[in-house]
Amino acid sequence: PKLLTPRFRRRPRPRPRGRALGLCADSRGRGAAEQEEAESRAQRREKRFPERVPPSSRSRAPAMPAADSEVPRPPSPPGAQELVAKPPPTPHGEQQYLGLVEHILRCGFRKEDRTGTGTLSVFGLQARYSLRAAWDLHLIRARSHSYSCGHSGACVPGQFFTENWRVCSIFPVSNFMANCFSDEFPLLTTKRVFWKGVLEELLWFIKGSTNANELSSKGVKIWDANGSRDFLDSLGFSNREEGDLGPVYGFQWRHFGAEYKDKDSDYSGQGIDQLQKVIDTIKTNPDDRRIILCAWNPKDLPLMALPPCHALCQFYVANGELSCQLYQRSGDMGLGVPFNIASYSLLTYMIAHITGLKPGDFVHTLGDAHVYLNHIEPLKVQREPRPFPKLKILRKVETIDDFKAEDFEIEGYTPHPSIKMEMA
């Protein structure tokens, strides 16, 4: 028997009335509406099946004007020129920190901790701080708004940005612009941050020191409690001298894998110098995805007075810029995090200076982001952020070990007064 295949017929479209075409039947009449619909169908048919249309009846495309001819351009929409000339104000980067604190205060889980103080905690937060010059950022934002970069990973939405403005790192900024404006430095302004402590501690890390007394002699007392006699004895380190913190950050950065003895031993040439390896890789293979500096060494954790809170950072080079992402397993939002933001931003500046790059972004990823219960009331003090200061490196430095405290200058830092918080 002959197989019967079903036929699929296209149902004829209902003829639109005059009002369906946006016409008034009383003024135009039904004949004009039908004629316009017939012409519209012919044009659609010509676009879909150009090979079926006789050459004589094909619509001709308008001729392209000559390259040197002047073609009048239609006027820009009202306000378009103002938008190009004056980009909208950039949201202050500090709003990200304030937003994270507010989120923890509203949504944090009550948890206990080693200090017995108690915390409100949220797991997995992130903020991005631009280290570029303010004018460079406006150029990049305007270009990413006007053109499509064609790469979904190049544009990163601002976490707390209003409207749909995005920061994109793929568009080059002229050296002229980069040299005319100082770069921004995310030193928080809603409360005063101890800049001297940030600088001296980072230089202490870079030196590879584990002696808290060195910092204390310079007026930086932030490690005194963890290096005190009582604290060391409570951890079972009664054989250590006061101030000996064990193989903490600096030791892991410069001598990873070496056997730790005490704070006064000479470890030259021992272990892996991670920091120098990071700098060498940025110079020789900037596209490497393994440019990592890690302070988390499970073998040495039992020997440390305090395990690393800021455990690992990764560096990334693109478009002549150096960016850094820090993973911080534990973040004290009241006291520690403002310090950490400034410290790793400064480290990014220093390595960028040595490697001939410009600072890009500092991305801060937090594991257990928490507010201690005795910090809740101080952190509820809401203040309006002021402009970030500028960071200047006053001389050309060739190696990371040659940096000194006098090589850095902070300009325009006018923060609100300090907010007193007790260390938990």
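Cβ atoms here come from the backbone N, Cα and C positions, even for glycine.
Here TrEMBL flags Cys309 as active site. Sequence annotations record features per position, and here TrEMBL assigns compositional bias 'Basic residues' to 7-18. Annotation comment: TrEMBL describes 27-51 as compositional bias 'Basic and acidic residues'. Sequence annotations record features per position, and here TrEMBL assigns compositional bias 'Low complexity' to 54-69. Among the features that TrEMBL reports, domain 'Thymidylate synthase/dCMP hydroxymethylase' is placed at 95-134, 180-424. If you look up TrEMBL, you'll see 1-95 marked as region 'Disordered'.
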CB within-chain contacts under 8 A for Cys309 (active site), separation at least 6: Gln328, Arg329, Ser330, Gly331, Asp332, Gly336, Asn340
Averaged pLDDT, computed only over the residues in the domain 'Thymidylate synthase/dCMP hydroxymethylase' (180-424): 96
DSSP-derived class (H/G/I helix, E/B strand, else coil) of the residue listed as 'active site': coil
